[in-house]
Amino acid sequence: MKSRASNGKNAGMPLPPSAAPDPIARFRDALARAAAASPHDATAAALATADAHGAPSVRMVLVKSADARGFAFFTNRESRKARDLAANPRAALCFHWPALEEQVRVEGAVTPLPDAEADAYFRSRPRESRLGAWASRQSAPLGDRAELEAAVRAVEARFPGDDLPRPPFWGGYLVAPERIEFWRSGPGRLHHRTVYVRRGDGWEVGALQP
């Protein structure tokens, strides 16, 4: 028997089966529903990291793929998040989709993606985004906006055509999930929570108290 959320925007909508064996397939289904339900980018997720001393930080990133390997995102490798990951290569992601009244949390170890994958994704980006990747010293202090705009102009002069190579300080990371939790709102705050924990090549699935 399928449970049903009975409050908010999703009243009457059946929940996915709590014992679905593949959390990645379940995530991809939820992502597709979120993309169809809202004009906001459904791939946006809060990425939480911690430095060598355990001090946490969090920011939004766009997750560009989710497959059997894990969840991939791209960034400046000299940024604060990259420095955190170099010192403490673990992270958590949180996707929140208000239109669905659903949330997915992912926790796991993080490794850099191969340069070939970073090259391929970088080539797919709009020219303005590629220029920005070269111009920005992400997370470094900024004197004023004119300084950043001058850096963009300098990159435009250096690479006048459309063939901008990937900066050596820019690349991708993969969060290999060890734990994935699906949350969905329920009546009276009796929310639905299902957790998947990696066990060898498979997943152990269970329900959690709200």
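Note: Cβ is positioned from N, Cα and C throughout, glycine not excepted.
Note that TrEMBL annotation is computational and uncurated.
DSSP assigns R80 (FMN binding site) to a helix. Sequence-distant neighbours of R80 (FMN binding site) (same chain, 6+ apart, CB under 8 A from its CB) are S57, S139. For 59-64, 74-75, 80-81, Q103, 138-139, W183, R193, the entry in TrEMBL reads FMN binding site.
As annotated by TrEMBL, domain 'Pyridoxamine 5'-phosphate oxidase N-terminal' applies to 35-157.
The domain 'Pyridoxine 5'-phosphate oxidase dimerisation C-terminal' annotation in TrEMBL covers 170-210. Nonlocal intrachain contacts for the domain 'Pyridoxine 5'-phosphate oxidase dimerisation C-terminal' (170-210), taken as residues 6+ away from its ends with a CB within less than 8 angstroms of a stretch CB, comprise 3, 5-8, 10, 15-16, 18-24, 26-27, 30, 64, 69-77, 82, 85, 91, 93, 100-113, 115, 117-118, 121-122, 133.
Feature annotation from TrEMBL assigns region 'Disordered' to 1-24.
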Number of helical, extended and coil residues in the domain 'Pyridoxine 5'-phosphate oxidase dimerisation C-terminal' (170-210), per DSSP: 3 helix, 29 strand, 9 coil
Collapsed DSSP category at Q103 (FMN binding site): strand
